Amino acid sequence: MATDMSFHSQLVLSVLLLSMAVSLPISHAQQTPSYMKFVLNATDMPPEDYYDYIIVGGGTAGCPLAATLSGKYRVLVLERGGVPHTHPNLMTQEGFLPTLLDSNSPVSPAQTFISEDGVHNARGRVLGGSSAINAGFYSRADAEFFRASGMHWDLRVVNKSYEWVEKAIVFRPELKNWQSAVRDGFLEAGIGPYNGFALDHVEGTKIGGTIFDANGQRHSAADLLGYYANPNNITVAVYATVQRVLVAAFPLVVPKAIGVVFRDQLGQFHHAMLREKGEIFLSAGAIGTPQLLLLSGIGPRPYLSSWGIPVVHHHPYVGQFLYDNPRNGISFVPSVPLEHSLIQVVGITSSGAYLEAASNVVPFLATAHGFLGRNPGSPAGSLPVYFTVATLIEKIVGPLSAGSLRLASTDVRVNPIVRFNYFSNQADVEKCVNGTRKIADVLNSRSMDDFKSFHLLFGSRDFRYVGPALPADVSNDAVMQDFCRQTVNTIWHYHGGCLVGKVVDRNLRVMGIESLRVVDGSILTVSPGTNPQATLLMLGRYVGLKVLRDRMRPKVI
Ligand SMILES: Cc1cc2nc3c(=O)[nH]c(=O)nc-3n(C[C@H](O)[C@H](O)[C@H](O)COP(=O)(O)OP(=O)(O)OC[C@H]3O[C@@H](n4cnc5c(N)ncnc54)[C@H](O)[C@@H]3O)c2cc1C
Ligand SMILES: *[C@@H]1O[C@H](CO)[C@@H](O)[C@H](O)[C@H]1NC(C)=O
Ligand SMILES: *[C@@H]1O[C@H](CO)[C@@H](O)[C@H](O)[C@H]1NC(C)=O
Ligand SMILES: *[C@@H]1O[C@H](CO)[C@@H](O)[C@H](O)[C@H]1NC(C)=O
Ligand SMILES: *[C@@H]1O[C@H](CO)[C@@H](O)[C@H](O)[C@H]1NC(C)=O
């Protein structure tokens, strides 16, 4: 099944792969951001030093957390990647696909992997984390998320934390031809009402926020360090790969995290240790955090023993309940050229699916794959012709299908073996069928007519698909379910692996270990809202405020 399922993704990917050859014009000089003054190459870090707070992973949640804590305390951020602004592709929307495809080097900002399900996927490996490589769409969580997440949220602080992020790095996008047509198509397909530009999660069709500004420049979690961190009390070490958390287990009754070991590019080991009352925060993401806990001896005892890792604390659910929202949809070459766009509009349905869209310029060389048929504009051996590929996708709410992660190596640089078990829960399949039927409605809308091509053979107009079209009979449940399984892809919203209530408590403390918390996508049972980054950015700020507050007043549980 894995090979079948990945077939579509592979083909679309191989079309997109060719875009690697495109060299993109860089319209803006890359300025050195203000946070650079407290960013150090890990090789320049001392062999040992002491901090109030150590944040492992300078990503989407880690940066706002660090910026907040540095207001009062001495903070260290350890990030395995480099800084984003030295990679021009990271700074623009046009660089999105080239970034995902240029992952050959061990320090490239996107670390790609293929899950055991056969689906290509990616992790951020750069300051700013996945917010520095993502599609930039920004939308707050649904109200249900706050009720069901297992934490006791103070919604006033939640709102203030979202605003803190939005003031600095969130913009209103300008819709061009494809996204405007998509918005109209969603409304014609009955995904109403129209809510205009809105950061809140509201049923219907809306324009969401973006972290790309009016000049097309990306902002990311890394920028929050520049805007908000106290430069006198923060150190950010890049190319600093954390190997494990040091836990003192004896003679204390409750084991306690006391520091971390990290390694620089020259292979030297450094120790970062906690001061009294300090804490370590794991913000290494849904794959990095469970991996680090396992490598630190915090996980299922028999499993750790099978790797010869000394067991610090038996934790049966580390690396379990790992989820990824399946993405399904169609792509076609439109009859009229489209301007490049990543996600800007979302359709929030009441039937378990969210609809989004993108348009990408790719070279049309896919004849070599015997896939798109003859390329009339490009005789053999000539230069490629550039076409736009328009994409309509749906992702399901949740999901309920759960997978897991296990080590591939005790070397932290090696990606763990990941399995998401897409569609193993029947409710997920039904949501996908609902979502893909909605895509069919959108394709049938008047707004999509302009993008159909004239078909020489049949004398009719239809979409020129890249990859599988939707089944002809979308009312047939079995056929639609099969389409969902065969064409599954990822929207990169994977989460879980250290769930609240299973690995961490509602204050995100690793249960059974003192001074160790998890603040990133690994704590999430469901993906918040239509797209998670807004809520993970908010989470970093929110937890930072809570830690500062709790430390200033007498201990309350
Ligand atoms: C290609 C792509 C497109 C996406 N598009 C969108 C979108 O448009 N909108 C949206 O809302 N969401 C989007 N997402 C999802 C969103 O970006 C992620 O869910 C979110 O950024 C995850 O945040 P995090 O803090 O959990 O982890 P991350 O942001 O990934 O941060 C983890 C950090 O930890 C570092 N790290 C890991 N291990 C170690 C170690 N051992 N030592 C030191 N550092 C380590 C990593 O390098 C990384 O910087 C997208 C994701 C991807 C990959
Ligand atoms: C970090 O420092 C080391 C040692 O000086 C050097 O080899 C490496 O290239 C530096 N890395 C970067 C990205 O500057
Ligand atoms: C840095 O943090 C310490 C607490 O560890 C605090 O006492 C000190 O005032 C802070 N310094 C600055 C410059 O903010
Ligand atoms: C938080 O913001 C949401 C959305 O704007 C709003 O509906 C809600 O009332 C706010 N909650 C509080 C407690 O301020
Ligand atoms: C699919 O859509 C139907 C009709 O709107 C709805 O009744 C059903 O609950 C949806 N299925 C799921 C799993 O959400």
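All residue numbers here begin at 1 and follow the chain in the order shown.
Cβ atoms are placed via backbone N, Cα and C, with glycine included.
In TrEMBL, annotation is done automatically, which means it is predicted and not curated.
Remark: Q533 (FAD binding site) has T60, S130, S131, N134, F137, Y138, I211 as non-local neighbours, by Cβ distance under 8 Å and separation of at least 6 in sequence. The feature FAD binding site is assigned by TrEMBL to E79, R80, V126, V242, W492, H493, G521, P532, Q533.
According to TrEMBL, the disulfide bond annotation covers C432-C484. Counting every protein chain shown, 28 other Cβ atoms lie within 10 Å of the Cβ of C432 (disulfide bond).
Panel annotation: around the domain 'Glucose-methanol-choline oxidoreductase N-terminal' (285-299), residues 56-57, 59-60, 123-124, 129-130, 242-247, 309-315, 318-319, 322, 405, 407, 410, 412, 415-416, 418, 494-498, 503, 510, 513, 518, 520-522, 524 of the same chain, lying at least six beyond its termini, place a Cβ under 8 Å from a Cβ of the stretch. What TrEMBL records for 285-299 is domain 'Glucose-methanol-choline oxidoreductase N-terminal'.
What TrEMBL records for 1-29 is signal peptide.
Helix, strand and coil residue tallies for the domain 'Glucose-methanol-choline oxidoreductase N-terminal' (285-299), in that order: 11 helix, 2 strand, 2 coil [DSSP]. The distance from the Cα of V126 (FAD binding site) to the Cα of C432 (disulfide bond) comes to 33 Å. Under the DSSP three-state reduction, W492 (FAD binding site) is assigned to coil, being neither helix nor strand. Within 10 Å of the C-beta of V126 (FAD binding site) we count 30 further C-beta atoms, all protein chains included. Residues from the binding-site residues list (V126, W492, G521, Q533) with a C-beta closer than 6 Å to any atom of ligand 5: none. When the record's FAD-binding residues E79, R80, V126, V242, W492, H493, G521, P532, Q533 are compared pairwise by CA position, the greatest distance found is 25 Å. In terms of Cα spacing, the binding-site residues E79, W492, G521 all stay beyond 10 Å of C484 (disulfide bond). Under 8 Å, Cβ to Cβ, and six or more positions away along its own chain, W492 (FAD binding site) finds N121, A122, S130, N134.
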